[in-house]
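Asker: Take this structure, written in structure tokens, and hold onto it; I'll ask about it next.
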Number of protein chains: 2
Amino acid sequence: MHRNQLNFSGGPGALPDSVLQQVQQAVVELPETGLSVLGMSHRSSWFVDLLAQTEADLRALLQVPDDYSVAFLQGGSSLQFSMIPMNFSVPGAAAAEYVTTGYWSRKVLEEASRVGPMRVIWDGAASGYRALPSLDALDWDTRASFRHYVSNETVEGLQFPAVTDLPGSPLIADMSSDFMSKPFDVRAYGMVYAHAQKNLGPAGVTVTLIRNALLERTPDTLPPMLDYRTHIKHRSNYNTPPVFAIYVMAKVLHWIRDEIGGLDAMRDINSRKSAALYATLDGLREVVDCHAEKAARSMMNIAFRFKDARLDTLFKEKSTEAGLSGLGGHRSLGGMRASLYNAVSEQAVKRLTTFINEFAVRYA
Amino acid sequence: MHRNQLNFSGGPGALPDSVLQQVQQAVVELPETGLSVLGMSHRSSWFVDLLAQTEADLRALLQVPDDYSVAFLQGGSSLQFSMIPMNFSVPGAAAAEYVTTGYWSRKVLEEASRVGPMRVIWDGAASGYRALPSLDALDWDTRASFRHYVSNETVEGLQFPAVTDLPGSPLIADMSSDFMSKPFDVRAYGMVYAHAQKNLGPAGVTVTLIRNALLERTPDTLPPMLDYRTHIKHRSNYNTPPVFAIYVMAKVLHWIRDEIGGLDAMRDINSRKSAALYATLDGLREVVDCHAEKAARSMMNIAFRFKDARLDTLFKEKSTEAGLSGLGGHRSLGGMRASLYNAVSEQAVKRLTTFINEFAVRYA
């Protein structure tokens, strides 16, 4: 499959070539139905089976315990920001606690603060959002409704290490930009959610994993569409789901399982990719700065800039010409950002590191 | 383009072949970007331009007045059911008024009733949801926050005639299943909304048209994601939009404009299609019943059943074998339903009417 550009975009991000080939066929005709995937009824047995199988595949890859429910929703992670306190705030409990580590965890507050009592337990503003706290060292209130953090800050390129056990109120993680990039222990969380458009599929579907006990908190006064129980009860098929996005996600899960070999192998590949890029950037530390402190570095997103800001502009121009797309930093931070999501291959990263070294020799 | 089945599904429905061909290419590589459409950043100039052009194309086709805003949202029409009273209920006004004409307008109530005061001004239950009221004959309360109806009942196959002027509180219409199937006068409405998956694209994006004056009602206490002003202000690009679904919608709008010739031509084609099918069914009235009373018949969805219920089962089986897909009635109503959305061609309807006549001769 030929394509002119390699995709290092912060998201929606690259998808595997083998998935795109299957999708291309399905757009005209799904062999098993004789219809375009874009015109498949969400009540067809084909789609009902696809939903069930996709949930089963996700559960198997992540070893999701039986007492967790899975739902595929619309509205992106951004709609989760308000649905979470709508569903899980406990009247009379202490305020929900939020860890604020960058652009996205601050966006969470804008939505959540309209719904229920909350407090920021840690804020990285003083460091310019370059560092992360140790979650088990924070002064959590055990009476809080829940605790929330963002596992990977896409804009700043900061990533928390795996959480295995953090006693206290239910822990909720926005894993939008590192979900399915490595294994993690679902049991450590009350809820995990992630939109698909980094590691899992196209924009338009969001995965939620919820410990069933939490659902007992949901008030009966919510509109059914904003009540997690509705979507879980109807197996993600209450109103018309984004059929196409779920179909692509199903194919990406198969790719992780069958072509990559599962989440341990996925993590190993992702680890090698980011290590190679960080090594390149560290080798150029006299002319390049990485945004994140070393201990907080993300495997998924690497934000960097030249000490000479004029080189940032030139880098974006020359990298695009060289077929390396999406390397401009987020508009809130400037500089550059390389996103190394699951479907960015090791060969693609090799092309990027080679380009960076050649660029530095020539211009820096 | 070869496909084994013609799609008469209630939705997601058929899309035009010429659109599917462009989409097929774009899944691998958009010629203008060198990237898969599934991996295009929503902040790329390509997508920002696509959003602006798609809004402009929609405005031109529908002659949307300048004092209306357009937003492309997620969550389907079902999320609109609660967002509408969240945004447009006026404290102290009389209850919002809802016309209840079938399955979908009853679903609206389940969501809306959780949010604000409402009353049902007309209910078609007594007639088995086979008939529609005359909207201008209802006893509307001019002090109501707004009035809501569903322009086409997808399940029962009932469709209101065009509304041109209905003085009183703002009129809001769920046009999910007949939007872009014919012209209508946007000025008659405070708000119109429609998900894409009938006449406009794949599931995953919902179009809203809102008279700007209504937005002054929206309280500042809503989470930004549930506040229409957020999405309008950010030109449908606040959080990550469903890039792919919007891309397909853009291509369908071009198809309506360039291949069909606009909404007047679209209506004429749709009118001929449904007339041909109703004529066939009326010709078989000794063995077949149409669900809708004649005055309420829909151009989009035709629900019918055999007087001998055993023939319904046989019809579904034989029609699928004959390459006519999706003719089973909605699970709430049974029988059959033929959906004749924009992308169902006149030739496809001809194959359907021929099949029905042959089936009746042989089995009825």
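Glycine too: its Cβ is placed from the backbone N, Cα and C atoms.
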Asker: Select one of A:Trp46, A:Trp104: the residue that TrEMBL places in the pyridoxal 5'-phosphate site alongside A:Thr154, A:Asp174, A:Gln197, A:Asn239, A:Thr240.
Answerer: A:Trp104
Asker: Using a 10 Å cut-off on Cβ-Cβ distances across all protein chains shown, tell me which of the binding-site residues (A:Thr154, A:Asn239) has the largest neighbour count.
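Answerer: Top count of Cβ atoms within 10 Å goes to A:Thr154.
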Asker: Could you say whether, by DSSP, A:Lys198 (N6-(pyridoxal phosphate)lysine) belongs to a helix, a strand or a coil region?
Answerer: coil
Asker: Out of these binding-site residues, A:Gln197, A:Thr240, which one has the fewest other C-beta atoms within 10 Å of its own C-beta?
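Answerer: Among the binding-site residues A:Gln197, A:Thr240, the sparsest Cβ neighbourhood within 10 Å belongs to A:Thr240.
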Asker: With CB distance below 8 Å as the criterion, list the recorded positions among A:Trp104, A:Thr154, A:Asp174, A:Lys198, A:Asn239 that sit near chain B.
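Answerer: Out of A:Trp104, A:Thr154, A:Asp174, A:Lys198, A:Asn239, A:Asn239 lie under 8 Å of chain B.
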Asker: So among the recorded positions A:Arg43, A:Lys198, who's got the most Cβ atoms within 10 Å?
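Answerer: Going through A:Arg43, A:Lys198 one by one, the largest Cβ count within 10 Å is at A:Lys198.
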Asker: Tell me, how many other CB atoms lie within 10 A of the CB of A:Asp174 (pyridoxal 5'-phosphate binding site), whichever protein chain they belong to?
Answerer: 27
Asker: Using DSSP and three states only, what is A:Trp104 (pyridoxal 5'-phosphate binding site)?
Answerer: helix
Asker: Helix, strand or coil by DSSP: which one applies to A:Asp174 (pyridoxal 5'-phosphate binding site)?
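Answerer: Its secondary structure by DSSP: strand.
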